[in-house]
2 protein chains.
Amino acid sequence: MTEEVQGILNEVLRRVKPGKDEERKLSSAADKVLNLLSGLDAEVHGSFRKGTWLKGDTDVDVFVFFPKEMGKEGIKDRGLALIHERLSKLNTRLAYAEHPYLIVEVDGVEIDVVPALRVDRGDQAITAVDRTPFHTKYVEGKLNEDGRDQVRILKRFLKGIGVYGAEIRVMGFSGYVSELLTIYYGSFLKVLEGSSKWRERNLIVLEGMEREFDSPLIIPDPVDPRRNAAAAVSLKSLSTFSIASRAFLRSPSLNFFFPRPPEGQEVQGEVIVTEVKLNEPYVDDVLWGQLRRTAEKVRNSLTSAGFKVMDIGICQGETVKILVQLETSKVGEFFLSQGPPFYLEQALSFVDANDKVWVGEDGRLYTLRRRKQLSPERVILESISLKYAHTVSQYTLQEAEGNCERSFLRKTPTWLK
Amino acid sequence: MTEEVQGILNEVLRRVKPGKDEERKLSSAADKVLNLLSGLDAEVHGSFRKGTWLKGDTDVDVFVFFPKEMGKEGIKDRGLALIHERLSKLNTRLAYAEHPYLIVEVDGVEIDVVPALRVDRGDQAITAVDRTPFHTKYVEGKLNEDGRDQVRILKRFLKGIGVYGAEIRVMGFSGYVSELLTIYYGSFLKVLEGSSKWRERNLIVLEGMEREFDSPLIIPDPVDPRRNAAAAVSLKSLSTFSIASRAFLRSPSLNFFFPRPPEGQEVQGEVIVTEVKLNEPYVDDVLWGQLRRTAEKVRNSLTSAGFKVMDIGICQGETVKILVQLETSKVGEFFLSQGPPFYLEQALSFVDANDKVWVGEDGRLYTLRRRKQLSPERVILESISLKYAHTVSQYTLQEAEGNCERSFLRKTPTWLK
């Protein structure tokens, strides 16, 4: 490792490694919750417990385990009710992942209190969170102090380039995957060297593999090899990480970890913004699933309608903005449409049914058709498929207002160039 | 055959079968030429000799045969010079097909005087015209008076739908192919029934076949089975004939033989006319070869430049007009360009070389590029590849001036609908 790289990594670590004060503060908040849960089978888990959390990420996971006989449904109602009762003095809020959990605030620290089932082995998990104690144990057994720091550097790198997190908005690398990559390759830099060589399908086996998976990144979970721990990683996130790794190894810079905000940008082509205001509470993962499907549908409908889509982006702030960048918003009133080859039965009915029909050099019939929709805005509106109540407005982007819009117009991420 | 169809075919024959007066006139003109050529091995051939010519097609072929030892080059100079000398009293003009021949005018009749080599069998032909006597003999032996009338009806049908002639402008059915089809199928209507069932590749064997051919229509020449008599027929001409056959059999009409001129037409999309004035003498087949290649190049260049071509047509009058029909003449200033997949060596150089680069959902790099050419007129001009000296002007079609332009805008031929 060159001195330059060492300097950069030291600086990153200085910025992301929590101090003793922060650790004490989180510990004491967690203890308060554990005390309120005394008598229950409660434990701290997650990145705080594993010692891989980033400075300022003040969230701690407390798991409350119930006998597996209680079942998935049991913890959803009885389990959660019991926890709720014990924590009733605190400021609590209900949240949802695969199943509901509680968020409580203690001395400015956010603590997720998650009900789970106590099972004997990772591969006996009934709900997704039942594996957590085994993840904790596995990672604790594999990472020493330096290893934990390497994870922190990697997480910050992934955050910097925008691929940290398994949620649908990101479809990137979870904390656990970051830990597994560090364990597998040995250090942050070795992870980068490894990912520089990734292709469209990559298999990383730490302990064993018990089935086939079809994902860009396959990391059989060491505590439950029937599961792909990296199933959430999209090809786009994987590619972004691989490109970023190569770019960093070629020209190391702090900029990958803490990229500068994008500068103002000229609009190229035409950018139609469809602004969606949500009128009811939503679960982020559910919303983003719908937004991704909407973006795909917008792209297909515009293409069928004769528009050339250059890019589609989604910006989430107080409202959600769907940005559609077209070569131009103008499209011809007529278009060429291909009919059947001359020898098919339906060739004559094609002649009967259409106004302008001719035979092409390829022996197929052709006709000109009038476009049903000349407005790309209408095509976009008709493609929006959100299940949450919402209102929509549209405009053409003249100037980028926020960082998300500027990044969209800039295209090249600031960490890359 | 229904009475209606019989009535139509009778009317066609009435219009296309030459009278005795016409036959006498052509005969006497041919005799004058033969007299001037006395002592030479001269014979009448072509559709006049075979009795399959159409009324008003006042052109007669006289062939002058030379010993095959004289060779291809020999007839081109010595053969032609000899003929020229004999016919020096007549109004003669030099023309070119595979090799030069003379056109002479006698009493208002145009007579093509063609030098050829005398060979013993069709498959010994050295030049294309050496086979002619064998064609004449074959057709004379297979067609009686009614058969010759059937050929005339077929030729008129092919003319009506625009696919008569083997020249490059048409790439259609020659007179000889019309005769072979009639011999093979037995009558005009049976030819239509046969061609109704044609597909993309069709094989019609009258006497035998001695090799494989790759053409939409394969008719091994009965007098020289190494040759495909229908090699000139393009897929487009074949398809047009097949569709026309089915349409006629469904709704018989005189309109197929003598289609009405197209009415005035509204311009759909944008039609750019590139008018080419030729400034030196040209051979039609050579010019049309260049025009067809130009049209193909225009289509490809416009498509690469981001324009959507709906159709391209060529109209030949005093000038040649290349008609290009676009969805719209407007194109965006920028376009989406696909780069390499993330894992390739060149991915980072793509990042270096381009201004706006991002990673797509498919793991490939993308960028926006500025178009080099926003004017479709310029793209067309740059694609014109004519070897003859010419001058060019361009305009946008507002209203169709002639029948060719009207047909181009109408698309559906008037014989079809």
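Cβ atoms are placed via backbone N, Cα and C, with glycine included.
Feature annotation from TrEMBL assigns ATP binding site to B:S47, B:K50, B:H135, B:K155, B:Y164. The Cβ of B:K155 (ATP binding site) has B:V16, B:T52, B:L54, B:Y164, B:G175, B:S178 as same-chain neighbours under 8 Å, each 6 or more residues away in sequence. Under the three-state DSSP scheme, B:K155 (ATP binding site) falls in the helix class.
Here the Cβ of B:K50 (ATP binding site) has 21 other Cβ atoms within 10 Å, regardless of which shown protein chain they belong to. According to TrEMBL, the CTP binding site annotation covers B:S47, B:K50, B:H135, B:K155, B:Y164.
Among the features that TrEMBL reports, Mg(2+) binding site is placed at B:D59, B:D61, B:D112. The DSSP secondary structure for B:D59 (Mg(2+) binding site) is strand. Cβ neighbour count for B:D59 (Mg(2+) binding site) (all protein chains, 10 Å cutoff from its Cβ): 14.
Positions annotated as domain 'Polymerase nucleotidyl transferase' by TrEMBL: B:32-135. For the domain 'Polymerase nucleotidyl transferase' (B:32-135), the model gives a mean pLDDT of 93.
Per TrEMBL, domain 'tRNA nucleotidyltransferase substrate binding' is recorded for B:149-258. In the domain 'tRNA nucleotidyltransferase substrate binding' (B:149-258), helix, strand and coil residues by DSSP number 51 helix, 13 strand, 46 coil.
Look at TrEMBL and you will find B:279-386 tagged as domain 'CCA-adding enzyme C-terminal'.
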>> Just to verify a number: CA distance, B:D61 (Mg(2+) binding site) to B:K50 (ATP binding site), in angstrom, no decimals.
In response: 11
>> Tell me which of the binding-site residues B:S47, B:K50, B:H135 ends up closest to B:D112 (Mg(2+) binding site) in space, Cα to Cα.
In response: B:S47
>> Sequence gap of 6 or more, Cβ distance under 8 Å: name the residues on the same chain that satisfy this around B:S47 (ATP binding site), in order along the sequence.
In response: B:W53, B:L54, B:D57, B:G175
> Could you tell me the C-alpha distance between B:K50 (ATP binding site) and B:D59 (Mg(2+) binding site) in angstrom, no decimals?
Replying inline: 13
>> Counting across all protein chains present, how many other Cβ atoms fall within 10 Å of the Cβ of B:H135 (ATP binding site)?
In response: 24
> What are the DSSP helix/strand/coil residue counts across the domain 'CCA-adding enzyme C-terminal' (B:279-386)?
Replying inline: 36 helix, 33 strand, 39 coil
> Within 10 Å of the Cβ of B:Y164 (ATP binding site), how many other Cβ atoms can be counted across all chains shown?
Replying inline: 23
>> For a three-state summary based on DSSP, what are the helix, strand and coil counts in the domain 'Polymerase nucleotidyl transferase' (B:32-135)?
In response: 40 helix, 37 strand, 27 coil
>> A 10 Å Cβ contact count, applied to the binding-site residues B:D61, B:D112: which residue has the minimum?
In response: B:D112
